[in-house]
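For reference, Swiss-Prot has these:
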DOMAIN    1-129  domain 'C-type lysozyme'
DISULFID  Cys6-Cys127  disulfide bond
DISULFID  Cys30-Cys115  disulfide bond
ACT_SITE  Glu35  active site
ACT_SITE  Asp52  active site
DISULFID  Cys64-Cys80  disulfide bond
DISULFID  Cys76-Cys94  disulfide bond
Amino acid sequence: KVYERCELAAAMKRLGLDNYRGYSLGNWVCAAKYESNFNTQATNRNTDGSTDYGILEINSRWWCNDGKTPGAKNVCGIPCSVLLRSDITEAVKCAKRIVSDGNGMNAWVAWRNRCKGTDVSRWIRGCRL
């Protein structure tokens, strides 16, 4: 599923991401934009053999199990396939675990490079939330 910007913002808000660990909703919407272009089915292969999955491009080396990543940890305790569902509940649950890990949203390269330090409120502007 490819979400509309405001549709995604509303879903993320409903699932408790607004100000989760101090990160406003705009940060999460911005991260999703630049990680997956709001597409739940996005996947990207990394040079280390791991793969990033879903709307927030969650990595199989640490966070989920795809059955093909050497030395995978599966900290979120989920198959990576659930991160590709239209329903983002599991992706959000895992993202909460990731952002609680010490590096905050710096875990997402696209967030660090394109959202951090910018006016992320623009990502939720005009949305009925």
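The backbone N, Cα and C atoms fix where each Cβ goes, glycine too.
As a summary of secondary structure, the domain 'C-type lysozyme' (1-129) carries 52 helix, 14 strand, 63 coil according to DSSP. Taking Cys30, Glu35, Cys64, Cys115, Cys127 as the recorded positions under consideration, the smallest Cα distance to Cys94 (disulfide bond) is found for Cys64. Non-local neighbourhood of Asp52 (active site): Glu35, Ala42, Thr43, Asn44, Asn46, Ile58, Asn59, Ser60, each in the same chain, at least six residues away, with C-beta under 8 Å from its C-beta.
Using Cα positions, the member of the disulfide-bonded residues Cys6, Cys30, Cys115 nearest to Cys76 (disulfide bond) is identified as Cys30. Local packing around the Cβ, expressed as the count of other Cβ atoms within 10 angstroms, is greatest for Cys64 among the disulfide-bonded residues Cys6, Cys64, Cys76, Cys80, Cys94.
Other C-beta atoms found within 10 angstroms of the C-beta of Glu35 (active site) number 23, with every protein chain shown included. If you take every residue in the domain 'C-type lysozyme' (1-129) and average the pLDDT, you get 98.
In this structure, the C-alpha atom of Cys30 (disulfide bond) lies 11 angstrom from that of Cys6 (disulfide bond).
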